[in-house]
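J.: Quick one: structure below, then a few questions.
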Amino acid sequence: MAQHRVVLLPGDGIGPEITAVARQLLEVVSRRHGFSLSFEEQPIGGSAIDATGEPLPASTLDACKAADAVLLAAIGSPCFDSLPREKRPETGLLGLRAGMELFANLRPVKIVPALIDASSLKREVIEGVDLMVVRELTGGIYFGQPKGRIETEGDERGFNTMTYSASEVDRIAKVAFEIAQERRGRLCSVDKANVLDVSQLWRDRVDAMAPSYGPVEVSHMYVDNAAMQLVRDPRQFDVLLTGNLFGDILSDEAAMLTGSIGMLPSASLGSEGPGLFEPVHGSAPDIAGQDKANPMAMVLSAAMMLRIGLKQAAAADDLEAAVDAVLAGGFRTGDLMAEGCTQLGCRAMGEQLLKAL
């Protein structure tokens with residue numbers, strides 16, 4: 001029997017509530033499909049600050065690096081906003097990504113038929129949308145040097161450097177090409193090569209790698225056009241590959257095609273070692289502990305963990321099918337509530353998901 005070690009990071013706010021739901025479901029599907037999951041909970045973010053004084057204890061990072069996969073719920077609380085930036089909960093996530101050497105962020109966007117009317121776009125535009133944004137996570141303008149602010153004669157100047165090496169582009173492009181091979185075989189690389197030298201390098205490297213992935217159809221699109229096309233005709237996209245800054249913007253734009261951030265999972269991967277899987281949404285401290293949280297994105301993040309991190313695709317299929325079945329049955333948490341549906345709390349939604357498995 002295959003055995004997998006999973007570190008759970010409940011974190012802050014609604015994190016513990018949605019983690020409990022995901023864990024129950026994972027225990028059921030692992031038994032059904034003949035593999036074993038051992039769970040270890042570790043503190044991160046605000047909960048870690050309360051327990052240890054640090055947003056990312058060394059013991060948490062060590063446990064994550066030794067695991068087969070890491071499932072994170074949510075980080076952040078306004079009660080820590082007065083702390084120095086380097087001591088706030090969010091720096092725990094940044095440190096975790098750096099410590100685990102994660103460079104590829106995956107954001108799937110798939111329209112759930114039962115929720116199609118939740119989108120602000122017309123049904124005929126978004127029906128059938130199923131795309132993946134692959135964003136480079138550790139390079140580009142957010143991390144490039146030099147950066148800073150300087151005083152000049154009678155003025156002040158701020159500056160950042162957008163930079164990528166060929167090897168950085170190659171490793172993120174490899175991830176995107178491999179995902180495209182497993183999906184519908186189309187990869188659109190998004191850049192600004194008409195004005196940026198760094199984007200010209202990006203495009204050249206993607207083109208150089210394309211022959212190694214022969215069946216994959218490769219196209220290029222400027223980022224301004226990509227932003228427009230995502231709302232004009234999102235069905236044209238299969239896999240979108242882009243850098244850190246452009247991906248930060250486009251992934252959030254693509255997320256809202258679904259109409260609810262409460263349904264969106266994500267993954268962050270490195271060249272080797274465990275991946276980090278987490279919902280896109282935040283910690284929602286305003287509803288924490290009130291049994292109002294939507295656990296769906298956490299459950300779908302657990303499905304991504306099974307499929308990508310642990311290579312248990314059949315179990316992932318079961319979790320995703322359970323989510324679809326519960327929504328098709330008219331069950332909703334408050335954030336998704338619509339006329340004619342039945343509103344449930346977090347725990348009751350977890351019970352419906354268990355019944356649907």
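A Cβ is built for glycine as well, from the same backbone N, Cα and C atoms used for every other residue.
From a predicted model like this one, the values you see are computed outputs, not experimental measurements.
According to Swiss-Prot, the record shows the following:
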- ARG97, ARG107, ARG135, ASP224: substrate binding site (BINDING)
- ASP224, ASP248, ASP252: Mg(2+) binding site (BINDING)
- GLY282, SER283, ALA284, PRO285, ASP286, ILE287, ALA288, GLY289, GLN290, ASP291, LYS292, ALA293, ASN294: NAD(+) binding site (BINDING)
- TYR142: site 'Important for catalysis' (SITE)
- LYS192: site 'Important for catalysis' (SITE)
J.: Rounded to an integer, what is the Cα-Cα distance in Å between LYS292 (NAD(+) binding site) and ASP224 (substrate binding site)?
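T.: Rounded to a whole number, the Cα-Cα distance is 38 Å.
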J.: From the recorded positions TYR142, ASP248, ASP252, GLY282, GLN290, pick the residue whose C-alpha lies nearest to the C-alpha of ARG135 (substrate binding site).
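T.: It is ASP248, whose Cα lies nearest.
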J.: Which whole-number value in Å describes the distance between the Cα atoms of ARG97 (substrate binding site) and GLN290 (NAD(+) binding site)?
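T.: So the alpha carbons of ARG97 (substrate binding site) and GLN290 (NAD(+) binding site) sit roughly 30 Å from each other.
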J.: Out of LYS192, ASP248, ASP286, which of these recorded positions is nearest ASP224 (substrate binding site) by C-alpha distance?
T.: LYS192
J.: For the binding-site residues ALA284, ALA288, which Cβ has the most other Cβ atoms within 10 Å, all shown protein chains included?
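T.: It comes out as ALA284.
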J.: In Å, rounded, how far does the Cα of ASP286 (NAD(+) binding site) sit from the Cα of LYS192 (site 'Important for catalysis')?
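T.: Cα of ASP286 (NAD(+) binding site) to Cα of LYS192 (site 'Important for catalysis') measures 39 Å after rounding.
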J.: DSSP on ARG135 (substrate binding site), three-state: which is it?
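T.: Looking at the DSSP assignment, ARG135 (substrate binding site) belongs to a strand.
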J.: When you rank ASP252, GLY282, ALA284, GLN290 by Cα distance to ARG107 (substrate binding site), which of the binding-site residues ends up on top as the closest?
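T.: That would be ASP252, nearest by Cα distance.
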J.: Relative to the Cα of GLY282 (NAD(+) binding site), which of the recorded positions TYR142, LYS192, ASP248, ASP252 has the closest Cα?
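T.: Nearest candidate: ASP252.
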J.: Compute the C-alpha separation of LYS192 (site 'Important for catalysis') from ASP248 (Mg(2+) binding site), stating it in Å without decimals.
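T.: Distance (Cα to Cα, whole Å): 15 Å.
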J.: Among GLY282, SER283, ALA284, PRO285, ASP286, ILE287, ALA288, GLY289, GLN290, ASP291, LYS292, ALA293, ASN294, the annotated NAD(+) contacts, find the widest CA pair distance and round it to a whole Å.
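T.: That value is 16 Å for the farthest Cα pair.
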J.: Counting across all protein chains shown, how many other Cβ atoms sit within 10 Å of the Cβ of ARG135 (substrate binding site)?
T.: 27
J.: For ASN294 (NAD(+) binding site), write down the residues of its own chain that are at least 6 apart in sequence and whose Cβ falls under 8 Å from its Cβ; none is a fine answer.
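T.: Result: ILE18, SER260, GLY262, MET263, HIS281, THR333, GLY334, ASP335, LEU336, CYS346, MET349.
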